Each structure stands twice: as structure tokens, then as C-alpha cells.
Amino acid sequence: MSKIVKVIGREIIDSRGNPTVEAEVHLEGGFVGMAAAPSGASTGSREALELRDGDKSRFLGKGVTKAVAAVNGPIAQAILGKDAKDQAGIDKIMIDLDGTENKSNFGANAILAVSLANAKAAAASKGLPLYAHIAELNGTPGKYSMPVPMMNIINGGEHADNNVDIQEFMIQPVGAPTLKEAVRMGSEVFHHLAKVLKSKGMNTAVGDEGGYAPNLGSNAEALAVIAEAVKAAGYELGKDITLAMDCAASEFYKDGKYVLAGEGNKAFTSEEFTHFLEELTKQYPIVSIEDGLDESDWEGFAYQTKVLGDKIQLVGDDLFVTNTKILKEGIEKGIANSILIKFNQIGSLTETLAAIKMAKDAGYTAVISHRSGETEDATIADLAVGTAAGQIKTGSMSRSDRVAKYNQLIRIEEALGEQAPFNGRKEIKGQA
């Protein structure tokens, strides 16, 4: 038994300079796991609750001392002496003790930090890398793959202070033979994009996720400058590199219409916005669109899935919020064909693994994702490999909070070699 002997919670700082929760779980034998909770900017209304103090005199109300107190108090007391290898049991104790549907008593930030720290401590006690322990928890021991990265090289929406409505314009180096080469390709395009933007007199400051955040004439112009950068880097768009977008459409959904500032404040219906996106997919090799409509617009999503679902990957983020109850309903209604996995949306490792399994069993793809507020914690890299999810979204080629995940993936690929293939385009729904 890997008995838990000490649990520590503390307040640390995330990549936006806001506080977040870090937890340590100590086991008999000196094994320690440490993990931090990330934090989102464009959040789904049905996400598990991130507990903030609300004391305006401290961190502008964003302090997390209440969540930290939950870790050091009731959570620690409840799991001391328990077996860290029983991840589902540890998570259940915390969830039951919290006693709310959305973890609002202790905060998903408290429960998740402990959940992940526990998994890391258990992995250490078994002498396993975290990805191998996760594969065992997932019921798929030894089954690994390296994920195709979605690299967010132009940031808009809630992630940047610019006039671009669509939140993320991403490249996927699908033609790479390995993850390491995919990272190289992404890096080269990123640097060529800076040159393209500078040549047009545009800003090369970066947004929350490390992508450039220029003001552009339209949303389509973001795709045009990326296409130029891909060509300048010596790659073929559509063959070596495909494109993906995160609309985060809930952020510009007003009174039943999609209002795009970058398109002259034009208001679109669900059907019109679906066809606006469809036109972009005809002009550019966009193979994945995330949150193409508002999280509550299920009727619109059914239409969008009918129009685009057999051609491209339609990813639900705010739509599904990593929640199996909501995902189950989406699967039954034929809504989207992929889920974005953010473990702080649901608040525990066990529930995250359940969402990935449900998606895969239904023929949906699962894209492992960071949040816009991140730390140096690279657990999502191990999660992507350990579940053989196939795709990962972890930002651009700048900011250490993003690059930490790519570097961890490079290390894992080196360790696993041929045991963890990089499957490229085949991982993306509709592209096999």
C-alpha cells in the first residue's frame, strides 16, 4: 500500500499573474507528487467551480486561500492513511466530501490539484513515469501514442487584446514523422509568421497562449497570413500542415445572434455562421473547428454537425465541459464529433479519464487541452500519451508555461521510441 502521510496546499502564481492552487501529496517511503490547477478565461457556464476568495483587497479578489484551506484541512484529513494507488477511491472521497454537483464547496481547483498530485505520488511509488501510471488507470497499460499538436499561433477573442473575434487560429504539423519534428515545423512557421506580420507593419506581441495577437482586417486575414508563413517556411499547406480554429463562439453570441466585430459587426444566425465557417473551410485546409456555436445552441450545433460533421472535426469545449453527463446527451443527439478535454472543467483525474473513454467508445476523438492560465505543470503531456488521445492543444511556440508541455512530450517520445507512434493526420476526425 502507498499510504498517504501528508497533504500540503499552497497558493502559487499562474501565467497571467493570478493565484492558483498547488498541492503536494506525500506517501510512506518518501514518495511525493506535486501538481497545480490551471485556469481558463473563456469558460463554459457548466464547468466545475473554480473557488476564488472574492476579497478585493488581495489579488483583486482572485486569491485562492479558501481553496488552499480546503486542501490543508478537510481534504487532507479525509485522505490521510489512504492508498494513493486507488485513484478512483481518492477522487470519490474528495467529491463526496465536497457534496456539490459543481465542486463549489472546496473548489475544483483544490480537488484537481490534489487529484493530480496523488497520481504523481502513486506513479513514483510504483517506479513508473506518470504516463505509464495513467495508462494503467485508464485500463490501457502499455498503449501509447504521441499526440498531434494544435499550435495556437494567432490569438484573438478572450485571449488577446485585439479586434480578432475567433479566439484561436492553429496549425497542425500532420506531415511530421515524429512529435519532435512536428514541434520543429511549428517553431519554424511561428518564426516565419513573425516576419510576415512585421513586413505588413503588424504587431508581434503575444497573447495569453503565446501566439501573436495582431489587429487584422478580418478573421479570414488571420488564415491568409498563416498560409503565407507556412509557405515561407517551406511547407505545403494542406499536406504538411493543416489548420484548426477555436471560435469560442459563446464569447460573441448576443441575443441569439453571432456578432463579429472583425466582420463589420455583422450579426449571423446559427445557420449563417455555420455557412460562414464552411466557406472558410473551402478556402483553407481547416480540418478542425472548436465551439463553432454557443454552448447552449444545441439546435444550431445539430445543424452544424449535419453540414460539416462528415468533412471535418467539430470539437466541443464549452459545449461539453469534459462532463460525461453532457457528453452522453451530445452523443445521443449527434452533436459534434470530438471533445476537448480540460481536467479543471470537471475537477478530477478519474472523471477526466471517464470522459475520454466515453468519447472514444462513441467514435468521437478527444483533444487534450491546456487553459489560457497555466503553470509549469506539464501533466497534460503525460495525459495525452497515457490515454493515446491522439491530439493536444497546448499553445504556441513561446512562453515557458506552453513550451513546458512540448518539452515533456519530446522527453516522453525519446523514452518510448516506437512504442508511441506519431500518427499524424489519421488522429483527426474525418481525416483518416
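Note that the numbers count up from 1, one per residue, in the order the chain is shown.
Cβ atoms here come from the backbone N, Cα and C positions, even for glycine.
Cross-referencing Glu278, Glu279, Glu290 with the Mg(2+) binding residues that Swiss-Prot gives (Asp246, Asp317) picks out Glu290.
Of the residues Lys143, Lys325, Lys328, Lys393, Swiss-Prot puts just one in the (2R)-2-phosphoglycerate site with Gln167, Lys342, Arg371, Ser372: Lys393. Checking each of the recorded positions Glu209, Asp246, Glu290, Asp317 against Arg371 ((2R)-2-phosphoglycerate binding site) by C-alpha distance, the shortest gap belongs to Glu209. Under the three-state DSSP scheme, Asp246 (Mg(2+) binding site) falls in the strand class. Excluding the listed site residues Asp246, Glu290, Asp317, the same chain places Gln167, Glu168, Met245, Cys247, Ala248, Ile289, Asp291, Val315, Gly316, Asp318, Leu340, Lys393 with Cβ atoms within 8 Å of the centre of the Mg(2+) site Cβ atoms. Of all the binding-site residues given, namely Lys342, Arg371, Lys393, the one with the smallest number of surrounding CB atoms inside 10 A is Lys342.
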